[in-house]
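Colleague: Under the heading domain 'Palmitoyltransferase DHHC', TrEMBL lists 129-255. What TrEMBL lists as transmembrane segment is 43-68, 74-92, 172-195, 215-236.
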C-alpha cells in the first residue's frame, strides 16, 4: 500500500485512468509494446506447448493413416476424417490464440509519482502497488512470477499454453480444453471400433501397418486420449464453474471474500465469451485480423515477451 501527499491509495479497478486499455505514459514503450504480438519466453512453457502440438499431430496421424484410410467403408472414413481434423484445427487454433493473446497485463512501472498525481484521487483513497513489477494493481489482479507481470483476473498460469489465463484470453483457453476433450473422446471411440474390426477380421487388411505396429500405435493413442480427456474435461468444467460464479481459481483457492459485485451466472458467460449466445462463442477465429497481426509483426516482430 502506498501513501503520498497525505493520500492513501487503494484498488480502483473502475477508475478512469485504470481502464482496460490503460497507459500511464503515451510516450512510453508500453504503448509500442501493446502493438506487438504477446509471447512469453519461458523454456518449460515453450516445451509444453510444442509437446501439445506434437501429441495432437500424432493422434491425427494414427486416426488418419492407421484407422481411416485403410477402411473399406468410404463414408465412414470421410465423415470421421473431416470431423476429427476440423476439431484438431479448432483445438490448435484455440491453443495459439490462448498463447499469443495478452491475458490482461497491467503496464509495468506505472506506479510513479507523476502518474499518482495524474490520478487525482480523493483524500483517503487507497490503491495498491505491486513491489515486484512496480505497477498499480487493479482489483482482482495478481502477479505472475513466470510472466513477471500483474494480470487482471488471473485464473492461473498454464505451461501447456505457455501463458497466463486471465481476463482477455480465458475464452480461448476454455475452447482449447473443450476441443481437446472432444478429439480425445472421438479418438477413443475410433480406437474401440478399430480394435473390434481388427479382431473380427483376424488383423488381416484392417491396417496398412503390421499388426504389432498397429497395436502399439493404437495403445499409445488410447493412453494419450484417456489422459487428455480426463485432464481437459475436468479443466473445462472447472473453468465454466469459475465463470458462472465470477470467481478465479486463485480467488477460490485463497478463499478470498468478494469485494466486487458478482455477475449472475449468465452474465458471467456473456462477459467472457462476448455478447449474446451464438456460434461465435465456439469460434476461436472470431475477432482475429490477419492484416492487424502482420502490421504488428512488421512493427515489433513476434515479441512483447516478458
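Yeah, the Cβs are placed from backbone N, Cα and C, and that goes for glycine too.
Note: TrEMBL annotation is automatic and uncurated.
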Colleague: Counting each residue once, how many in the domain 'Palmitoyltransferase DHHC' (129-255) are helix, strand and coil under DSSP?
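Modeller: Taking each residue of the domain 'Palmitoyltransferase DHHC' (129-255) in turn, the totals are 73 helix, 19 strand, 35 coil.
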Colleague: For the transmembrane segment (43-68), find every same-chain residue at least 6 residues outside the stretch whose CB is under 8 Å from a CB in it, and list them.
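Modeller: For the transmembrane segment (43-68), the list is 76-77, 80-81, 84-85, 88, 91-92, 95, 99, 146, 159-163, 180, 183-184, 187, 190-191, 194, 207-209, 214, 217-218, 220-221, 224-225, 228.
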